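> Handing you a structure now.
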């Protein structure tokens, strides 16, 4: 597997999901995030493609021979916040990595693990995969990828928070329980490994969850609704500042 091509997609997902998962590190500066995010879309600006290559990409998009046929480019452009040219570039990279036209969970986990060798990203990648797999068919298509990426990179704060809520709502019942949030937090800590908590206690994820629930569970009924989640996040300066990073870099 071509690591450079994998990095162009996976780094986007890692940074974006980290924001949605309220993962903060001292090194998460605007510059470092920008450098990683720019690897996917604007990378094409540094390389001048010949007309023949550009036409080839267009032909691939409209006459794909892969097992999964993508939706028409015009439809995806209308459903996302990417331009036609950006979609062409994204599809070209997606197809190079996934000739079948879809990514299954095992491949997704393999890609994700390459960026967290210091930890175990398996569980978090599972949750993230399910968030992208909106129709729950066990595969992430190019359409799934684009719609999720469009929200994470160019969506409104409301759209990003809705996406984050869906990530935490593991069983998709419309509520976040402490157990669900704890599962996500443990997965994040496991993924970051020693880089995140060399001196923290084992119960750090649980303490993190307790703090969040004190803020979010307004009526103290033991679950967090989408309204409680969004309201609490919008009042949290750290979360909102993290969201704004993406608005400034793309």
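A Cβ is built for glycine as well, from the same backbone N, Cα and C atoms used for every other residue.
According to Swiss-Prot, the protein has these features:
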type	residues	note
BINDING	133, 135, 137, 144	Ca(2+) 1 binding site
DOMAIN	120-155	domain 'EF-hand 2'
DOMAIN	156-191	domain 'EF-hand 3'
DOMAIN	204-239	domain 'EF-hand 4'
MOD_RES	17	phosphoserine
MOD_RES	56	phosphoserine
REGION	2-44	region 'KIS'
REGION	237-250	region 'Interaction with KCND2'
> Using DSSP and collapsing to three states, where does residue 144 (Ca(2+) 1 binding site) fall: helix, strand or coil?
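Helix, per DSSP.
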> Around residue 144 (Ca(2+) 1 binding site), how many other CB atoms lie within 10 A of its CB?
19
> As a test of the contact definition, list every same-chain residue at least 6 positions from residue 137 (Ca(2+) 1 binding site) whose Cβ is closer than 8 Å to its Cβ.
none
> Determine which residues of the same chain, besides 133, 135, 137, 144, have their CB within 8 A of the center of the CB atoms at the recorded Ca(2+) 1 site, and list them by sequence.
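Neighbours found: 132, 134, 136, 138, 139, 140, 141.
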> On the three-state reduction of DSSP, what should I expect for residue 137 (Ca(2+) 1 binding site)?
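Reduced to three states, the DSSP call for residue 137 (Ca(2+) 1 binding site) is coil.
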> Return the single residue from the binding-site residues list (133, 135) that has the minimum number of other CB atoms within 10 Å.
135
> Take the domain 'EF-hand 3' (156-191) and count its residues per DSSP category (helix H/G/I, strand E/B, coil), listing them in that order.
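Across the domain 'EF-hand 3' (156-191), DSSP assigns the residues as follows: 26 helix, 2 strand, 8 coil.
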